[in-house]
Amino acid sequence: EEAIFLRKKITLLRAFSLLIGSMVGSGIFISPKGVLKNSGSVGFSLVIWFSCGLLSMFGALCYAELGTRITKSGGHYIYILETLGPLPSFLFLWAEFFAIRPANSAVVSLAFGRYMLEPFFAPCAAPVPAVKLVSLLGYYMVLTLNSWSVTWSARLQTALSVVKLLALALIIVPGMMLLAQGHTENFQDAFDRQSLVLDKLPLAFYAGMFAYSGWFQTSFVREELVKPERNIPLAVIVSVITVIVGYMLTNVSYYTVLGTEDVLASPAVAVSFVQRAFKSLISVVPVLVALSCFGTMNGGIFTFSRTLFVASREGQWPPLFSMIHIRRHTPLPAVMLMFPLVTAMVCIGDIYHLLNFFSFSRWLFIGLATLGLIVHRHRHPELRSPFKVPLFVPVSFTIICLFTVAMSFYSDPVNISIGCTIVLSGFPVYYLIIHRQIFLSFFFFPTLSDYLTHKLQLLLEVVQQEIKTY
């Protein structure tokens, strides 16, 4: 009885919550170990954390301008498509679906399972099968919620953003209290150059940038934002500054209470911190951290489903995934598509190998998206964007991203080569199926595809969007 389309339900508060909820997740609770391990010392690790925050701000400002120039949802995908063309955008979509997003979701899900079970098994480590089972249950709960309601997904994200900030506060306050009392012994000889290995620095940056990742999430839901020209830049700037300050204070608190050996030996840094500094909250903080990861899972599913939705609408993904549930007004097929791959990666994955595995592809395409901003400015000088950053911001961000990606081949050639192979495997798929669509006309695949799409439409109760929202 009413038009079927994605409603504008993301207000400024919900946009801010989406960004905070996506950035503050498993990263700050698992990445300190990876940053310290690959930077070599406390001082250099803090420099890496601040540099990653500054780099994230540069990237977020570039994406804020792209979000005011390009009015479609879809994030990295639509920006690359509109600025660099269909081939690189399809390669991103291919890598995102088969490598970046499932690996990212698996990392966050495994962190959720580990922290949720930690209080029940301390001081021992939780059994790996139990961690994976709880991880999958958490992921499936979020998947169900996003299939059910956009409004309730957004409300959950707002509530969990408060929980995330509370979790950070419970780590920052006791650490700052001890630091004020003169406990600075763990910062002696903070910049030990003997332990610095330059070719490992890209992996330190990957770990740090993973903790900040999420600053681009509003670009995925641009069509569902209320007053996007105003709310995208405002939400991005406030949220990134908030997270930079919170992360720096959190890491200082970690190092105040835990030495470098303790951080490197800990499977869950936040739990080790509480065991040492705040024993009365030993069962509370891991649950708060787990809820924080739960919010990151929610934000990831909420946004990536819009990428598949837009890619399908642009003709680079099967048409079923651009359809919306007739009553719930959610992109149900796009939400459900990640279910099998994430399940497989959670079952077989290790957090730190997965981290390097997907980081190469992610930062390659983010660098290409900001390169696209430079290209778009050059091609359309007449376009007056309501938000514009100085040219050195996208130029420096693009150079750093692509340089870090190139350097990572020396740091972790095995995992990076796997990620590169997955990206390159999209070339023949693009040329056979997208570029030369006549290739399929000689076979029965189009007829079979239409038949399956029709049957799945009836089963899932979904139809094409009826109103243009961009």
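Using the three backbone atoms N, Cα and C, a Cβ is placed for every residue, glycine included.
TrEMBL labels come from automatic prediction, so no person has curated them.
Long-range Cβ contacts of the transmembrane segment (12-30) within its own chain (Cβ-Cβ under 8 Å, at least 6 residues beyond either end) map to 107-108, 111-112, 115, 154, 157-158, 160-161, 164-165, 167-168, 210-215, 217-218, 221, 225-227, 230-232, 234-236, 238-240, 242-243, 246-247, 250, 268-270, 289, 292-293, 295-300, 302-303, 351. Marked as transmembrane segment by TrEMBL: 12-30 (among others).
Residues annotated as transmembrane segment in TrEMBL: 42-64 (among others).
Marked as transmembrane segment by TrEMBL: 76-100 (among others). Residues 63, 66, 70, 216, 219, 304, 307-308, 310-311, 314, 316-317, 337-338, 341, 357-358, 361-362, 365-366, 368-369, 371-373, 375-376, 419, 422-423, 425-427, 429-430, 434-435 of the same chain lie 6+ residues outside the transmembrane segment (76-100) yet bring a C-beta within less than 8 angstroms of a C-beta in it.
Within its own chain, the transmembrane segment (120-142) has Cβ neighbours under 8 Å at 105-106, 109-110, 112-114, 267, 271, 275, 282, 290, 293-294, 297-298, 301, 339, 342-343, 346-347, counting only residues six or more beyond its boundaries. Annotation comment: TrEMBL describes 120-142 (among others) as transmembrane segment.
Annotated transmembrane segment per TrEMBL: 162-183 (among others), in sequence order. Long-range contacts of the transmembrane segment (162-183) within the same chain: residues 20-21, 24-25, 28, 246, 249-250, 252-254, 256-257, 270, 273-274, 277-278, 281, 284-285, 288-289, 291-292, 295, each at least 6 residues beyond the stretch ends and with a Cβ under 8 Å from a Cβ of the stretch.
Feature annotation from TrEMBL assigns transmembrane segment to 203-221 (among others). Proximity of distant same-chain residues to the transmembrane segment (203-221), defined by a Cβ-Cβ separation under 8 Å and at least 6 residues beyond the stretch ends, is recorded for 10, 15, 18-19, 21-23, 25, 27-28, 31, 34-35, 37-39, 45, 48-49, 51-53, 55-57, 59-60, 63, 66-67, 73-76, 79, 104, 107, 228, 231-232, 235-236, 239-240, 243, 247, 296, 299, 302-304, 306-307, 355-356, 359, 362-363, 366, 404, 408, 411-412.
The transmembrane segment annotation in TrEMBL covers 233-257 (among others).
According to TrEMBL, the feature transmembrane segment maps to 277-297 (among others).
Annotation comment: TrEMBL describes 332-354 (among others) as transmembrane segment.
According to TrEMBL, the transmembrane segment annotation covers 360-377 (among others).
According to TrEMBL, the transmembrane segment annotation covers 389-410 (among others).
Residues of the same chain lying 6 or more positions beyond the ends of the transmembrane segment (416-434) and with a Cβ under 8 Å from any Cβ of it are 86-87, 90-91, 93-95, 98-99, 315-316, 356-361, 364, 408-409, 440. Marked as transmembrane segment by TrEMBL: 416-434 (among others).
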Among the ranges 42-64, 360-377, 389-410, the one whose Cβ pairs under 8 Å to the transmembrane segment (233-257) are most numerous: 42-64
Non-local residues, at least 6 beyond the ends, that sit with Cβ under 8 Å of the transmembrane segment (389-410): 55, 58-59, 61-62, 64-65, 199, 201-203, 205-206, 356, 359-360, 363-364, 366-367, 370-371, 373-374, 377, 416-417
